Amino acid sequence: MSNTTTDLTINLINNISSQLNHYMTLIIFLFGSIGNLLNIIVLSQPTLRMNPCVLYFLISSISSLGILLVGLPSRLIAVWTLMDPTSTSSWFCKLRIFFLYSFRTTTSWLLVCATIDRWFLSHRKIHRRRLSSYKTARKIICIICGSSFILWFESIFCYDANVANAPLQCYGKSSSCRIFNDIVYASSTVSIPSILMLIFGFLTIHNINRSLQAVQPVMITIVSDVSRISRNQRRGIRRSESSLTRMHLLQVFLLTLCSIPQALHQFYLTFTMDIYKSPLRIAIENFIVSFNFSLTYVGNGITFYIYTLNGTIFRETFTQLLHTFIRKFKF
């Protein structure tokens, strides 16, 4: 390939990467922030929030909103002003990484707990179903949030701005830091949560299929004495729980799909950092970095639209709130 052709290819790739950063980041930030705010409003309603799975969804939406508000503004500023604050301010870089990774780990493990909660509720044995409770969920949420922030406290000392010979200017200061953080991120935030979510997701589907095939199907309910509940109430509870399960399983699949490429590519960047790379290869890798980072934010920005399209109980609650709002402010 001639130098002229190579330069044209590099310029084209850099231009595509720049446009991707510009438009995709803005779209994810706007629609993701609005969607997570609507999630918080809907999931906070009294008809939903006492369900332990809904509580996991609610705190996960708050954490996802934190991811978008912490991670994306600096990318937008870099596009509009051609100056990334994380590459010039050391403390801005450190705090952004600390909160971003803490929120991401929190979100992943909250979804793991929601998956296990779905498995408990779909189980045929009543003592397993009793393990799902609002009180237990609150304790677990506190433990997850605290552990996630403690886990990533080291990033304040490990990351710095304007790091030389790094794929990103806000990056680990040394090889040991980079390898450690890549391993911790890939394991604690992506691979282990994804594996657990997939395992318990399949177990939940298995339990649901068994209950449907049984002569007397097991009613998925949070009430211990099923015999005292009317048939309509049981039907409503089962419909709500089935809706929450569908919402959650689709979210698990999409979040896993969006997170794995970035974790794998981060390993690749760390272990090939000392290898000579041509300008064309660097341009291609920068494009992949931009795309993978955008993809991780997509997973945190589309939950409202997943819940609305796939969750009957969520959609009905949102519609009721919308009608109430319209009636209240209608002249």
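One-based numbering along the chain as shown.
Cβ coordinates come from backbone N, Cα and C, glycine included.
Look at TrEMBL and you will find 35-307 tagged as domain 'G-protein coupled receptors family 1 profile'.
For 20-42 (among others), the entry in TrEMBL reads transmembrane segment.
Residues or ranges marked as transmembrane segment by TrEMBL: 54-78 (among others). Same-chain neighbours of the transmembrane segment (54-78): 21, 25-26, 28-29, 32-33, 36-37, 39-40, 43-44, 48, 84-87, 92, 96, 99-100, 103-104, 106-107, 110-111, 113-114, 117, 134, 137-138, 141, 145, 244, 247-248, 293, 297, 300-301, 303-304, 307, counting only residues six or more beyond its ends whose CB sits under 8 Å from a CB of the stretch.
For 98-120 (among others), the entry in TrEMBL reads transmembrane segment. Long-range contacts of the transmembrane segment (98-120) within its own chain (CB-CB distance under 8 A, at least 6 residues past either end) are made by residues 52-53, 56-57, 59-60, 63-64, 66-67, 70-71, 128-129, 131-132, 137, 140-141, 144-145, 148-149, 151-153, 155-156, 185, 188-190, 193-194, 196-197, 200-201, 203-204, 207, 244-245, 248-249, 251-252, 255, 259, 296, 300.
Sequence annotations record features per position, and here TrEMBL assigns transmembrane segment to 140-163 (among others).
Residues annotated as transmembrane segment in TrEMBL: 183-203 (among others).
According to TrEMBL, the feature transmembrane segment maps to 248-268 (among others).
The transmembrane segment feature in TrEMBL is assigned to 288-307 (among others).
Beyond the transmembrane segment (183-203), the same-chain residues lying 6 or more positions past its ends with a Cβ under 8 Å from any Cβ of the stretch are 101, 104-105, 108-109, 111-112, 115-116, 118-119, 151, 248-249, 252-253, 255-256, 259-260, 263-264, 266-267. Here the domain 'G-protein coupled receptors family 1 profile' (35-307) returns a mean pLDDT of 80 for the predicted model. Most Cβ pairs under 8 Å with the transmembrane segment (248-268) belong to 288-307, among the candidate stretches 20-42, 140-163, 288-307. Remote same-chain partners of the transmembrane segment (140-163), defined as residues 6 or more beyond its termini with a Cβ less than 8 Å from a stretch Cβ, comprise 55-56, 59, 86-90, 92-95, 97-98, 101-103, 105-106, 109-110, 113, 169-174, 177, 180-181, 184, 188.
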